[in-house]
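What follows is a set of notes on a single structure, which appears directly below.
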Amino acid sequence: MGKPTSSGCDWRRFLRNHWLLLSTVAAVVLGIVVGVLVRGHSELSNLDKFYFAFPGEILMRMLKLVILPLIISSMITGVAALDSNVSGKIGLRAVVYYFSTTVIAVILGIVLVVSIKPGVTQKVNEINRTGKTPEVSTVDAMLDLIRNMFPENLVQACFQQYKTKREEVKPASDPGGNQTEVSVTTAMTTMSENKTKEYKIVGLYSDGINVLGLIIFCLVFGLVIGKMGEKGQILVDFFNALSDATMKIVQIIMCYMPIGILFLIAGKIIEVEDWEIFRKLGLYMATVLSGLAIHSLVVLPLIYFIVVRKNPFRFALGMAQALLTALMISSSSATLPVTFRCAEEKNHVDKRITRFVLPVGATINMDGTALYEAVAAVFIAQLNGMDLSIGQIITISITATAASIGAAGVPQAGLVTMVIVLSAVGLPAEDVTLIIAVDWLLDRFRTMVNVLGDAFGTGIVEKLSKKELEQVDVSSEVNIVNPFALEPTILDNEDSDTKKSYVNGGFSVDKSDTISFTQTSQF
């Protein structure tokens, strides 16, 4: 008698395990179809477009809701679960990986844009400008980055970031607006038309989570409670429970994800007004997308394979849900809950690694953004007929790397840092408006590359930290089996029937006493 076929069972198991991924892919395809049909057969007002995208807005709000508790709980528990020396080694390996891949991405982008030359055949006046240029000073932006690493108010850091703005000092004192000046300092003077302009620095707070400041605090807080022993264990247990509860909420949110993604992609297709710009900037877009494809399909998998010696594409397949989410919502921070779930449940990466590495990676590891900024800067130089020297190309490389590390994981942060890169080599900052029209699409693909780089980083750091993690496991098992190693020793005196001595830092009291101490006393 032959074996009963199990193909039906396997098919059902496959659907049960991958229904969310399949439904998300179907939602993307359906969203494109719906967007094209609605755009072609009806004229929607701006108000109608806003209402149409409402279900997608709800998805974004739900994902952003869990970012704060997830980052705080995961960072604290991840650091507290490890020895400070182990945490330092893991952190160093993660930073080296992030920096190395970012530098490789920048070099790759520059090689491609110099070879393809997408801006040589076009002129600046042939491309329509869109939007307005962000007002950014390189020095002020870098100082703001350092300031935000050390927030003065922890509660405020959960919903606001510090930002400075330059204001021209007018001869007559004319206080305007309701803005509160946090600090006022004479910044600089410039000569324009033989007139001296004086500026002052005004400190403001803008909406948005200060992720970098929270990560620094959680890192220190986790190290401290990890060294407190039993006194800090109650806090470790609390944040562990908070992390687990947050991940349960993420599972509920992901059930709604296909619906939200459908309306997100359809709403964006309906919203775009000028599709002609895609033809004009087609070669530039092809250069950026080619660089992102090479980095994500060749460079990152090759590094993973060399270090881990496993199939990188199987690992990437396990991250498919997170990559699709990043592609649709274009925010690595908002994708973080899904990235956690895929890395831990699909690829079985150690939670001590994911909780420590992923929040940091979502903040400072921006391979796709760095590549995009390098390509865009050289492209704008080509549009202006400017021949870049080796020194200027090196300047672009360094600035793009530094700016991408400082960019927050929020939509279109690349445009803000793009101004810094352009200013570093003397290119007109207003030319960033030439590429804004297509940035919404490129932003999605570079965010996907950013998330993929974070994911590969967890696998690589886990492999390199295997020995330290095993040592932590062994020491934990010893403590769990016999944490205090108490063995009563009879005192050699007349009261030996009722008294016991200190052994290994613990002590026992006479059985006739009401309370019996069985744990080590800490002095």
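Each Cβ is built from the backbone N, Cα and C atoms, and glycine gets one as well.
Feature annotation from Swiss-Prot assigns topological domain 'Extracellular' to 39-61 (among others). Helix, strand and coil content of the topological domain 'Extracellular' (39-61), in residues and according to DSSP, is 18 helix, 0 strand, 5 coil.
DSSP gives Y98 (Na(+) 1 binding site) a helix state. According to Swiss-Prot, the feature Na(+) 1 binding site maps to Y98, T101, T102, G361, N365, D367, N450, D454.
Mean pLDDT for the topological domain 'Extracellular' (115-204) in the predicted structure: 70. The feature topological domain 'Extracellular' is assigned by Swiss-Prot to 115-204 (among others).
Under the heading N-linked glycosylation site, Swiss-Prot lists N128 (among others), citing sequence analysis as support.
Under the heading N-linked glycosylation site, Swiss-Prot lists N178 (among others), citing sequence analysis as support.
Residues or ranges marked as N-linked glycosylation site in Swiss-Prot (evidence: sequence analysis): N194 (among others).
Sequence-distant contacts of the topological domain 'Extracellular' (266-285) (same chain, at least 6 residues past either end, Cβ-Cβ under 8 Å): 31-32, 34-36, 38-39, 44, 49, 52-53, 56, 116, 118-119, 121-122, 126-128, 130, 375-376, 379, 435, 437-438, 440-442. The topological domain 'Extracellular' feature in Swiss-Prot is assigned to 266-285 (among others); the stated evidence is a curator's inference.
The L-aspartate binding site feature in Swiss-Prot is assigned to S330, S332, T369, V410, R446, T447, N450; the stated evidence is similarity to another entry. For the recorded site, S330 (L-aspartate binding site), the DSSP three-state label reads coil. Packing around S330 (L-aspartate binding site) is summarised by its Cβ count: 26 other Cβ atoms lie within 10 angstroms of its Cβ, all protein chains included.
The residues of the topological domain 'Extracellular' (380-392), classed with DSSP into helix (H, G, I), strand (E, B) and coil, number 7 helix, 0 strand, 6 coil. According to Swiss-Prot, the feature topological domain 'Extracellular' maps to 380-392 (among others), an assignment based on a curator's inference.
According to Swiss-Prot, the feature topological domain 'Extracellular' maps to 427-439 (among others).
Taken from Swiss-Prot, the feature phosphoserine covers S516 (among others), and the record attributes it to similarity to another entry.
The phosphoserine annotation in Swiss-Prot covers S521 (among others) and rests on similarity to another entry.
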Sparsest Cβ surroundings (other CB atoms within 10 Å) among the binding-site residues T369, T447: T369
Near-site residues: Na(+) 1, ref Y98, T101, T102, G361, N365, D367, N450, D454, CB cutoff 8 A to centroid: Y97, I364, M366, G453, G457
Nearest of the binding-site residues (S332, T369, R446, T447) to Y98 (Na(+) 1 binding site) - Cα to Cα: T369
Top Cα neighbour of R446 (L-aspartate binding site) in the set of binding-site residues T101, T102, G361, N365, D367: D367
Candidate nearest D454 (Na(+) 1 binding site) in space, where candidates are the binding-site residues S330, T369, T447 and distance is Cα-Cα: T447
Cβ contacts under 8 Å made by the topological domain 'Extracellular' (380-392) with residues that lie 6+ beyond its boundaries: 113, 117-120, 122-124, 127, 422, 425, 427-428, 431-432, 434-435
